[in-house]
Amino acid sequence: MERIRTRLQLGGKSTFSEPVKLRKRKSKLYSPDDTTSRFENGFLGVNVIYFTVAFRLINCFLVQTSFVPDEYWQSLEVSHLMVFRYGYLTWEWTEGIRGYAYPLFFAIIYKILHFLSYDMVQLLVWLPRVMQALLAALADIKLYSLIQRLEQPYITRWMYFCQLCSWFTWYCCTRTLTNTMETVLTTLALHYYPLPGSKMYSSSKYLTLVALAILVRPTALIVWLPLLGWHFWQEHDKLKLLLHHALPIGALTLGTSTVVDCILHGKWTPVQLNFLKFNVLHNVAEFYGSHPWHWYLTQGFPVVLGPHLPLFLHGCTLAPKKYRILLITVIWTVIVYSFLGHKEFRFIYPVVPLCMVFCGFSLASLKAWKRPAASALLVLNLILALYTGLVHQRGTLDVMSHLRQLCDITNPQPEILFLMPCHSTPFYSHMHCPIGMRFLQCPPDLTGSKSYVDEADLFFADPNGWLRTTYPNPASLPSHMVFFDVLEEEILKFLESNKYTRNMEVFHTHIPEGRVGRSIFVYERRL
């Protein structure tokens, strides 16, 4: 022992008396700072939160165009009718295939404004969009947080850059669409999903968000089927996952939703079953148009990703295996929607945030071409975002702002007839006064009759004949008619003979198509 003690001494001092100096590790595993605390309390994290919120609010006010009728007719119009008791419901609500979960969110906002006597039309129009913008910002932040915990900071930054650059996200994320809320809830759920290495994994939280997404839009189940299946396959305690999480959450959300729908529909209404019945068994969606099976591959997916498409394809070859389930989800979603006849760009919007993860890996891997690629991505997306958000298809919103002035006229009270493809414009949610308005109806045939023709098709087949039949007495004609310029020549003689004159022209789009023209005309009857 004495020899050992002597050997361990140097200059009369024990070698153990000096502190041991360890080599500094660069790995995140040895970092003294926890990633969660850095994100939530660090300077960078706070800046990301503030910047994202400000960015999405600017995004909200720089989108002043219309996209699809569902933006209003499956949300704001229903909410307005729930609170203010005047307006119209589309056939989907009267037939009970749409639930009240999403419109109820905006109805609560409207009710608060009404209670405070602040139900001004500008607040009714913009506050729901501001709330949607804040939810979109939250989704962006959660996606950033998820990747930050899984990857190196430079990859996180480029993924975040790709997410904010997406022109389609800019175009959609502040709109009051069920697809937008579905995308927000999907992104939030992904934050708590058990990806390998994720420290924020929570079955109860992510399954609750998935259940809400399915209530808002039942087709959200398409996106989540592979993710749910992979989780169940990887889970060790499968019985606990089913009995303690999936079944209670599913029963609670479905039960609550069914009670709300039955109360607001005024009768027993199994919305989810009706949705499957009409859209799967009867395939009613094809009434509004159909596309070839390859449409998402050749047009839909390339357009939605836009300039991100090359980065996405490149990133799929670089991303670690733990993200393979996300890639499978993207491919699965596109394939399933390809088998459905009725196709729209917005249907695949929920997979866009998943695609941005792969775009981030691609951009982060570039060396000499990184800055030119990032600059090109920013400029190209900015052009698309500003054009579609400020120019393309803005007339149907602008014309409602002009028509709103008619609310101040009471003697005689004006009446407006919209001779446009049905649901082209928002309605009472953007007027907020019980003025007389009518539009061409286009409910699908639910009886199976092959000779069925809706009111809009009847009108466009013979506009003058429809007007003479519908208004045999000139005294019953509306005070104002609103239509696209492509219709003017055909009904001009009828307008002139009944003393209508054009008093307004509103630009709509540079790309007129079919029944949709370049401009919108407003004709007023002067007696």
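The backbone N, Cα and C atoms fix where each Cβ goes, glycine too.
Positions annotated as transmembrane segment by TrEMBL: 100-118 (among others). For the transmembrane segment (100-118), the residues of the chain that approach it from at least six positions outside its boundaries are 74-76, 78-80, 82-84, 124, 127-128, 131, 176, 178, 181, 212, 215-217, 257, 260-261, 264-265, judged by C-beta separation under 8 angstroms.
Annotated transmembrane segment per TrEMBL: 130-147 (among others), in sequence order. Sequence-distant contacts of the transmembrane segment (130-147), counting only residues of its own chain at least 6 positions beyond either end whose CB sits under 8 Å from a CB of the stretch, comprise 39, 48-49, 52-53, 55-57, 59-60, 105-106, 109, 155-156, 159-160, 163-164, 169, 173-176, 180-181, 183-184, 187-188, 190-191, 195, 198, 200, 353, 356-357, 360.
For 206-233 (among others), the entry in TrEMBL reads transmembrane segment.
Long-range contacts of the transmembrane segment (293-313) within the same chain, counting only residues at least 6 positions beyond its ends with a Cβ under 8 Å from a Cβ of the stretch, are 162, 165-168, 334, 337-339, 343-345, 347-349, 352, 355-356, 358-359, 362-363, 373, 376-377, 380-381, 384. Per TrEMBL, transmembrane segment is recorded for 293-313 (among others).
Counting residues 6+ beyond its ends, the transmembrane segment (325-341) has Cβ neighbours under 8 Å at 195, 222-223, 225-227, 230, 283, 285-286, 290-291, 293-297, 300-301, 316, 319, 347-348, 350-351, 354-355, 357-358 in the same chain. According to TrEMBL, the transmembrane segment annotation covers 325-341 (among others).
What TrEMBL lists as transmembrane segment is 347-366 (among others). Beyond its flanks by at least six residues, the transmembrane segment (347-366) meets 139, 143, 147, 154-156, 158-163, 166, 168-169, 172, 179-180, 182-183, 186-187, 190, 219-220, 223, 296, 300-301, 304-305, 308, 310-312, 314-316, 318-319, 323, 326-327, 329-330, 333-334, 337, 373-374, 377 of its own chain at Cβ-Cβ distances under 8 Å.
According to TrEMBL, the transmembrane segment annotation covers 373-391 (among others). Sequence-distant contacts of the transmembrane segment (373-391) (same chain, six or more residues past either end, CB-CB distance under 8 Å): 62-65, 158, 161-162, 165-167, 170-171, 306-308, 311, 363, 366, 509-510.
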